Amino acid sequence: MESHKPSTSKDDLILNIISRKIKQLPESDRNLLEYGSAYIGLNAAFGGLIANSLFRRILNVTQARLASSLPMAVIPFLTANLSYQSLVSLPLSTGDLNCETCTTTRGALVGLVMGGLYPILLAIPVNGGLAARYESSPLPQRGNIFNYWITVSKPVFRKMLFPTLLQTVFASYLGSRQYKLLIKALQLPEPDLEIH
């Protein structure tokens with residue numbers, strides 16, 4: 001059995017062509033392709049702050065506002081941004097993702113999981129730890145921990161349904177839009193190509 005080495009020269013050529021074509025796009029389109037993942041990250045950060053606020057109210061946590069808000073904004077921003085960048089934007093830019101449905105689906109999944117559900121799930125231990133530290137809410141005994149957090153989380157998940165769906169639809173739309181912009185860029189003529 002032969003071991004196949006990836007053809008880096010072919011991949012480099014494809015990447016070079018795609019990057020040249022993207023540079024020909026108008027600045028607003030280029031910015032959407034380059035910084036689209038940051039929009040997903042910002043929405044995830046807002047979702048994290050909303051989830052943090054809801055859990056703080058339920059658990060009556062009044063201390064350490066900055067200590068809980070900072071990680072609830074920064075961590076979801078970074079994870080959603082990097083996830084979208086590595087699963088949607090980068091494969092699009094390198095030519096590894098060439099299907100609009102695949103791009104839209106990947107964008108929606110990143111928006112749902114990393115932009116919607118992850119910030120809510122991250123808020124549970126952050127605010128649970130603060131509630132235990134400041135004794136602001138009676139916490140359960142060892143046997144009831146799972147049921148307690150399900151009961152506490154249900155109203156938060158209900159209230160976060162709309163922001164999570166909004167994040168999913170936005171990420172799906174952004175994936176579709178980025179795909180269409182890339183197709184538009186690839187259809188542009190080469191400015192310095194000489195025809196003999």
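Including glycine, each Cβ sits where the backbone N, Cα and C put it.
Mean predicted confidence for the topological domain 'Mitochondrial matrix' (1-34): the pLDDT average there is 78. Among the features that Swiss-Prot reports, topological domain 'Mitochondrial matrix' is placed at 1-34 (among others).
For 79-106 (among others), the entry in Swiss-Prot reads topological domain 'Mitochondrial matrix', with the evidence type sequence analysis.
Taken from Swiss-Prot, the feature topological domain 'Mitochondrial intermembrane' covers 128-159.
Annotated topological domain 'Mitochondrial matrix' per Swiss-Prot: 177-196 (among others), in sequence order.
The transmembrane segment annotation in Swiss-Prot covers 35-55 (among others). Listed by sequence, the residues of this chain that lie at least six past the ends of the transmembrane segment (35-55) yet keep a Cβ under 8 A from its Cβ atoms are 61, 68-69, 72-82, 84-85, 88-89, 110-111, 114-116, 118-120, 122-124, 126-127, 152, 155-156, 159-160, 163-164, 166-167, 170-171, 174, 177-178.
For 58-78 (among others), the entry in Swiss-Prot reads transmembrane segment.
Annotated transmembrane segment per Swiss-Prot: 107-127 (among others), in sequence order.
Annotation comment: Swiss-Prot describes 160-176 (among others) as transmembrane segment, evidence class sequence analysis. Distant neighbours of the transmembrane segment (160-176): 32, 36, 39-40, 43-44, 46-47, 50-51, 54, 84, 88, 100, 103-108, 110-112, 115-117, 120; these residues of the same chain sit at least 6 beyond its ends, with a Cβ under 8 Å from one of its Cβ atoms.
Beyond its flanks by at least six residues, the transmembrane segment (58-78) meets 41-42, 44-49, 51-52, 114-115, 118-119, 122-123, 126-128, 130-131, 134, 136-137, 152, 155-156 of its own chain at Cβ-Cβ distances under 8 Å.
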